[in-house]
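Here's the structure, in structure tokens; my notes come after.
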Amino acid sequence: MLPPFDYFTYRSVRNSKRRERAHRFASLPAAYHTHFTAFDKSIINKPIEELVSEVQGSSISAVDVLRTYGKVAVKAQEKTNCVTELLLPEAETWAQSEVDLQGPLAGIPVSLKDSVQVKGFDVSVGYTRMANKPATEDGPMVKLLKDAGAVPYAKTALPVTLLSFESANALWGRCLNPHVPAYSPGGSTGGEGALLALGGRIGIGSDVAGSVRVPAAWSGIYSLRCSTGRWPKAGVSTSMAGQEGVASVFSPMARTLNDLTYFTKAIIGMQPWKYDYTVHPISWREDEETEAQSKKLRIGLMSTDGVVPPTPAIARSLSTTVRALKAAGHDVVEITPPAKADPFTGLHLGSQLLNSDGCVTFNSHRYSFEPSDPGADQLTRICNLPAPLRYLYYLYVRYIRRDSKWAALIRTFSHKSSAELWKLVAQREAFRATWHAWWDGESQQYDFILCPVNATPALPHKAMRDAVSSCGYTFLWNVLDYTAGVLPVSHVDPKKDALPMPYKKMLKHLGANHAIAKGAWMHYDAVKMAGLPTAVQVVGRRWQEEKVLGYMAVVERALELYWDSASGEGGKYPLIELD
């Protein structure tokens with residue numbers, strides 16, 4: 001049906017897919033809808049390395065493990081709307097006949113971002129136009145998982161366009177934060193964040209500007225952003241096929257750091273380069289992970305990106321982590337990023353590369369009047385302004401509002417010619433070379449960089465319209481293609497984390513009186529955010545997955561051993577208690 005009448009097609013397909021999902025959940029045997037038993041809780045709380053050993057030794061069956069996680073999916077769906085495609089009962093068949101129950105992930109249920117290709121199921125990526133087109137075969141990533149013994153059991157929520165720290169789309173609806181439902185679970189892999197926080201075990205998401213790290217931070221779990229070529233990515237769908245200016249990477253997520261490390265090691269041990277031509281043949285380097293945990297570390301602290309200062313809750317979690325690391329005997333030194341390649345330059349460069357098509361591609365998949373993401377809509381409106389009007393808008397923002405940072409983004413946010421794109425890629429390479437030389441400098445011999453994941457805890461639904469460009473703490477490392485991990489630290493406290501003055505005065509005091517910072521800070525409210533997780537980010541260099549996981553273990557251990565009785569800071573991060 002032609003536009004605008006295809007709106008009715010959108011409504012029909014949307015309603016049909018939601019009914020299909022509801023029927024799948026309702027058709028599960030009654031056991032899936034009961035309370036967790038002591039047996040279920042023992043499975044959920046046991047490290048996957050132990051579960052694998054028990055499945056391999058036949059002391060527990062893969063189907064029993066799967067049924068426990070089926071319960072997890074049912075309960076998480078009821079609370080957060082995190083599941084798009086339920087892969088049960090098919091997964092029970094896979095657990096009995098298709099997966100290798102002697103593999104390194106024997107019998108371990110794994111959830112997947114909706115964009116991963118699973119035979120017999122849609123890869124809709126939140127677009128109604130892409131629904132009702134089931135994949136005819138498993139993608140390479142799913143083939144590898146099954147060969148390793150893992151059992152895919154659910155596909156999870158994401159935002160339409162995949163360019164948002166929300167996870168809502170017109171096809172499946174809105175995913176909610178597992179701690180405070182009025183807030184986002186993060187994006188674009190928000191469904192994974194919610195499911196894992198509520199008892200899921202391991203999952204896979206993608207990351208082009210923070211999409212496995214922000215959900216980890218906002219939902220209170222663990223994730224690792226792998227460098228390109230370390231984790232398989234073939235056999236997936238995207239909203240912007242062919243966009244390689246800032247490459248999207250698929251990466252692991254988990255409920256615990258122990259599971260994240262084991263999962264990453266298991267996948268790389270499966271030699272993923274034999275499944276996916278994009279993967280570099282780099283075997284797991286056990287010695288690097290071990291070395292990272294066995295020495296005194298020199299840590300670079302990037303307490304702000306110079307664009308959006310961290311809000312009080314985030315600043316507190318970072319400060320607690322720094323004190324814990326120092327108490328453990330490590331050196332922590334505030335860094336000054338290279339002047340010619342500062343974080344704002346990375347944000348400016350990355351935003352041009354990522355949307356060099358003028359926002360055409362991610363909008364091309366929608367039916368007429370099919371709702372999009374508020375942040376993506378904001379970017380599209382700027383891109384679609386005629387050049388003279390966009391220049392006038394730039395002049396107004398730059399010289400009337402005196403906002404040089406937002407003005408710089410506006411001025412260059414447009415469709416790029418091939419020649420312009422080539423220049424941007426050359427600038428990206430120069431940017432990377434500058435950081436490489438900086439980190440190699442004698443005074444910058446840091447083992448890793450510690451920084452926030454985002455300036456705020458989780459934001460309320462639809463806030464991305466204002467905070468769309470507040471992504472510098474994660475996006476910088478995508479532009480550089482550095483390995484980065486996230487681990488939770490604490491939760492928002494309504495008293496400790498309250499603003500000492502109105503946010504506009506606070507930003508003026510911090511020298512960040514511009515629209516990018518205001519768009520994030522305007523939604524900060526420690527009372528309404530009470531209980532939301534706070535987290536930190538551990539950043540290594542390119543292809544340092546083993547080291548970063550080792551450094552994350554050092555940080556986690558330091559936090560667990562640290563306790564400030566006066567402030568009540570430190571200690572082990574508490575996961576959500578299961579019902």
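We number each residue from 1, going along the chain as drawn.
Cβ from N, Cα, C; glycine included.
Note that TrEMBL annotation is computational and uncurated.
Among the candidates Ser188, Ser219, Ser223, Ser227, the residue that TrEMBL names alongside Leu162, Val208, Ala209, Gly210, Ser211 for the substrate site is Ser188. The two recorded residues, Ala209 (substrate binding site) and Ser188 (active site, charge relay system), have Cα atoms 9 Å apart. On the 0 to 100 pLDDT scale, the domain 'Amidase' (64-549) averages 98 in this prediction. Note: Leu162 (substrate binding site) has non-local neighbours Ser115, Val125, Gly126, Ser188, Ser206, Val208, Ser211, Thr238, Ser239, Met240, Phe362, i.e. same-chain residues 6+ apart with C-beta under 8 A of its own C-beta. The Cβ of Ser188 (active site, charge relay system) has 35 neighbouring Cβ atoms from other residues within 10 Å, across all protein chains displayed. Report note: the substrate site is defined by Leu162, Ser188, Val208, Ala209, Gly210, Ser211, and the residues of the same chain whose CB lies within 8 Å of the CB centroid of those residues, excluding them, are Leu163, Ser164, Phe165, Gly187, Thr189, Ser206, Asp207, Val214, Ser248. A sphere of 10 angstroms centred on the C-beta of Ser211 (active site, acyl-ester intermediate) encloses 34 other C-beta atoms. Within the same chain, the residues at least 6 positions away from Gly210 (substrate binding site) whose Cβ sits under 8 Å from its Cβ are Phe165, Arg225, Val453, Asn454, Cys471, Tyr473, Thr474, Phe475, Asn478, listed in sequence order.
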